[in-house]
């Protein structure tokens, strides 16, 4: 895709959608046992789709960045260090606030010492191993960055073909375990789960799209592709929502929610190609999506703390709305005043 020299505003919009989806997914805790709001609860329950969208976007953006560089070990090393700085510079300050919340009993953390190593270094892709639950996906990101750089540096000039081969290897490996060792899959203990997870496929599908010529999907020719992609994304979510198995086990999740994320990426790229205008506030949220993803569990925990004190079902609804709006506002301010300045300061040391 030939978008390297412009800001991908519709990608930022998709990031905003993904982050808000995850926030709504976690906000649904306020809607439990409220019959009148059951439709909203069901809708928000699909919000974890945002994580799949993030993986797909990440693959696209990182691959696009790599394509603009000449492959070499020096380039690969510097590129990876930059990505690590991006992850950790945004994550560690929020992790410190998470620890403060725990000390203040606003969001208690079980087994603080046992989780310290994995939480600080992002060394585990398992959610229970972290002080901040959403950090599991960051641990995956670190591995995925290394993988895509490795693929780019492997012998051979056809980056697209190397990505495709890796996708098929990952699919084959996962199919083997799902068909031959189903019990181990359902128990979550199958070999190399955290290394060759199906989440890799979502990331690589985004990367694959980045390597295609801009005319491959006739982005510049036909806006009718948008409803086609939207219907495909919607159907993928509907199929996925029919069974918890599709949501809880990576391979099935990629085949449903991951495919939905891919089609939503294609919609964003189509709109980008047509230079469609987008409201500024949406791109602002997209620019702050990393902070929103990390900070919203803390804001929701504070709202839940207040809700438990009040014990008022009506107040729960207002607290949910308040927490949602506050999460966005604080994240935008945090991104401007903490996340990005810290990243820019650290990245200045990498020439």
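Using the three backbone atoms N, Cα and C, a Cβ is placed for every residue, glycine included.
Because TrEMBL annotations are produced automatically, they should be read as predictions rather than curated entries.
The average pLDDT computed for the domain 'Acyltransferase 3' (9-331) is 90. Among the features that TrEMBL reports, domain 'Acyltransferase 3' is placed at 9-331.
Marked as transmembrane segment by TrEMBL: 12-31 (among others).
Per TrEMBL, transmembrane segment is recorded for 43-68 (among others).
Positions annotated as transmembrane segment by TrEMBL: 89-110 (among others).
Residues or ranges marked as transmembrane segment by TrEMBL: 130-154 (among others). Long-range contacts of the transmembrane segment (130-154) within the same chain: residues 22, 51, 54-55, 58-59, 62-63, 66, 71-73, 76, 79-80, 83-84, 87, 91, 94-95, 98-99, 102, 109, 112, 115-116, 118-119, 122-124, 162-163, 166, 195, 197, 199-200, 203-204, 207, 293-294, 297, each at least 6 residues beyond the stretch ends and with a Cβ under 8 Å from a Cβ of the stretch.
For 163-179 (among others), the entry in TrEMBL reads transmembrane segment. Long-range contacts of the transmembrane segment (163-179) within the same chain, counting only residues at least 6 positions beyond its ends with a Cβ under 8 Å from a Cβ of the stretch, are 63, 147-148, 151, 185, 190-192, 196, 198, 200-201, 204-205, 207-208, 211, 249-251.
The feature transmembrane segment is assigned by TrEMBL to 191-212 (among others).
Under the heading transmembrane segment, TrEMBL lists 224-245 (among others).
What TrEMBL lists as transmembrane segment is 251-269 (among others).
Per TrEMBL, the feature transmembrane segment maps to 290-307 (among others). Same-chain residues lying 6 or more positions outside the transmembrane segment (290-307) and placing a CB less than 8 Å from one of its CB atoms are 19-20, 22-23, 26-27, 29-30, 54, 90-91, 94, 97-98, 101, 106-107, 132-134, 315-316, 319-320, 322-323, 326-328, 330-332, 334-335, 338-339.
As annotated by TrEMBL, transmembrane segment applies to 313-332 (among others). Listed as Cβ neighbours of the transmembrane segment (313-332) (distance under 8 Å, sequence separation of 6 or more from its ends, same chain) are residues 20, 23-24, 27, 30-31, 34, 37, 284-285, 288-289, 291-292, 295-296, 299-300, 302-304, 306-307.
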Problem set entry | Spatial neighbours of the transmembrane segment (191-212) far in sequence, C-beta under 8 Å, 6+ residues away | 1, 52, 55-64, 67, 124-126, 140, 143-144, 147-148, 159-160, 163-164, 166-167, 170-171, 173-174, 177, 184, 250-251, 253-254, 258, 261-262, 265-266, 269
Exercise. By Cβ distance under 8 Å, which residues at least 6 away from the ends of the transmembrane segment (89-110) in the same chain are close to it?
Worked result: 119-120, 122, 131-132, 135, 138, 290-291, 294-295, 297-298, 301-302, 305, 338-339, 342-343, 346
Exercise. If you count Cβ pairs under 8 Å, which stretch among 43-68, 224-245, 251-269 touches the transmembrane segment (12-31) the most?
Worked result: 43-68
